[in-house]
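Peer 1: Have a look at the structure that comes next, please.
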């Protein structure tokens, strides 16, 4: 079969993959770019695209001495974050998407979006970006191609994925996930471009059965860097369900004991709950070390030994900048020091460096993220709250070598955690995998309904921290978790619920957090090794305060004890919200989850009547 003509392609395509060539030709005919370029991932390509974007004003080259090979982008104020209201799961049936996703008929959506894509790349270059999810050496890799008219996306994809010629060669004549992205800002001949092209109309659309992603109108982060949430979670979660593995919104941490034994921990936290800080934690306990394998996404699969193994499908960190500093996350700061960064929507200093809220040494003058002069007297922030740094993992001083191992690492523990000022103890072990699935399904941040100034319904539920990212029906997703539990049996990792944000009656944080969270991780290791007991509470097996190592810590032991309480009366107040939440997830919520809800109610009733001691004598969970 002869290769199709790709409008705008100079020379021959560096592939013979007929399906790929046909698809690129179709998209080029639809979007009408001036030219089509296959990306090879080289330094020369990076430099050429960066030079072009600097000339257009999209990027500012930072001070080479302070930030080598690094750039600052400032987006349109209307294009600063993921747009969940414009994110669609276009499964073949509405039931396939379920109640937590926006669904549209896939044929109707294709027709509607095709009208927007028609001519959307006029005056621009269509970049063909081949990429590999996870280590390029994986014998069975997950691959993809993103077609985009954004050089910013190409540069970001080079950091966030294994991108370029190697990935294209890996695809060969095989299958791949197809991603089409346009900022939706065509240029007529002679028309001057804007610094950050985008469109008021936005779509971020996944077609899960077809393994296809279409994104239109946004140039920002997760909307445009299609390998991130679109592929690594929404599409991958469907692939995982079909193939018997898991795609989860989890960090992967390697913790090394003083004896040199390594433990691998995955953790799922909703946003603003300290996930990136935990991923790059610096333990404060003598003799303990930590290394990072991933800060955001984990793909979990069963190894030949029957254990769950975790792989990070990404190659970079795409972190929230504000609040990141040498106290909260020194390793992230050191990673950025090495250069090769793309910063987005942070402030520019007078000497060509970057700054954001929470960083040390506030300057007297900045250019803010909107390009305006800024001083500390301003009543606005210098950096957008969702401003970002994008940097290669390999630069992190505590990057574990295993982040490049396609086998992944055996998972010893999974952590769930929200931001709860009350009710949830500092650390609790789940009773079993079914109970763990219930804990994940009802993961929440916020206050109980009876808390000061709180209203009923102020708990924000985020199952497994995956609410915006489950690519199919949430009930089926929970069933998949239960099925994994049945398959894994006694080789499954232990699961824990943590809460770094417990406050006292006076509003103070009871636990110092940050690097001191290593003390909680030590207790988790002690549980894995069977070295410590735990007390049964309404939430599970909660730590005794005496077993949390606070040696050398300037924290009142009474505060630690208070942080480890699970007051049954407070848990009672959560029940109505939790029941409403589970009902809202529809009829596909597995019966086992409702059984766990009934067990929770029984534990609360028993504890309220006879105290926590009575829980030890219960015949049921």
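Glycine residues also receive a Cβ, built from the backbone N, Cα and C atoms like all the rest.
When I checked Swiss-Prot for this same protein, it listed these features:
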ACT_SITE  273  active site
BINDING   82, 220, 221, 222, 271, 386, 387, 388  substrate binding site
BINDING   229, 249, 296  Mn(2+) binding site
BINDING   272, 273, 274, 275, 276, 277, 388, 419, 514, 515, 516, 517  GTP binding site
Peer 1: If I take the alpha carbons of the residue listed as 'active site' and residue 220 (substrate binding site), what is the distance between them in whole Å?
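Peer 2: It is 22 Å, counting Cα to Cα.
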Peer 1: How many Å lie between the Cα of residue 274 (GTP binding site) and the Cα of residue 296 (Mn(2+) binding site)?
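Peer 2: Per the Cα atoms, residue 274 (GTP binding site) and residue 296 (Mn(2+) binding site) stand 11 Å apart.
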Peer 1: What is the separation, in Å, between the Cα atoms of residue 271 (substrate binding site) and residue 514 (GTP binding site)?
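Peer 2: Rounded to a whole number, the Cα-Cα distance is 16 Å.
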Peer 1: Taking the center of the Cβ atoms of 82, 220, 221, 222, 271, 386, 387, 388 at the recorded substrate site, which other residues in this chain have a Cβ no more than 8 Å from that point?
Peer 2: 80, 81, 318, 320, 344
Peer 1: Tell me, which binding-site residues from 222, 386, 514, 516 are within 10 Å of residue 229 (Mn(2+) binding site) if we use the C-alpha atoms?
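Peer 2: Candidates kept after distance check: 222.
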Peer 1: Using an 8 Å cut-off from the Cβ centroid of 229, 249, 296, can you name the remaining same-chain residues around the Mn(2+) site, in sequence order?
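Peer 2: After dropping the recorded site residues, what remains is 228, 232, 233, 297, 469.
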Peer 1: According to DSSP, folded down to helix, strand and coil, what is residue 516 (GTP binding site)?
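Peer 2: In three-state terms, residue 516 (GTP binding site) counts as helix.
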Peer 1: Among the binding-site residues listed here (82, 229, 249), identify the one with the smallest other-Cβ count within 10 Å.
Peer 2: 82
Peer 1: Looking only at Cβ atoms, how many others are within 10 Å of the one on residue 276 (GTP binding site)?
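Peer 2: Its Cβ has 23 other Cβ atoms within 10 Å.
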Peer 1: Which has the fewest other CB atoms in a 10 Å radius around its CB: 296, 516, the listed binding-site residues?
Peer 2: 516
Peer 1: Here are the binding-site residues: 272, 386. Which has the lowest count of other Cβ atoms within 10 Å?
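Peer 2: Per-residue Cβ counts within 10 Å for the binding-site residues 272, 386 bottom out at 272.
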Peer 1: Among the binding-site residues 220, 514, which residue has the largest number of other Cβ atoms within 10 Å of its own Cβ?
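Peer 2: Buried the deepest by this measure is 220.
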Peer 1: Find the one among the binding-site residues 249, 276, 516 whose C-alpha lies closest to that of residue 387 (substrate binding site).
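Peer 2: Nearest listed residue in space: 276.
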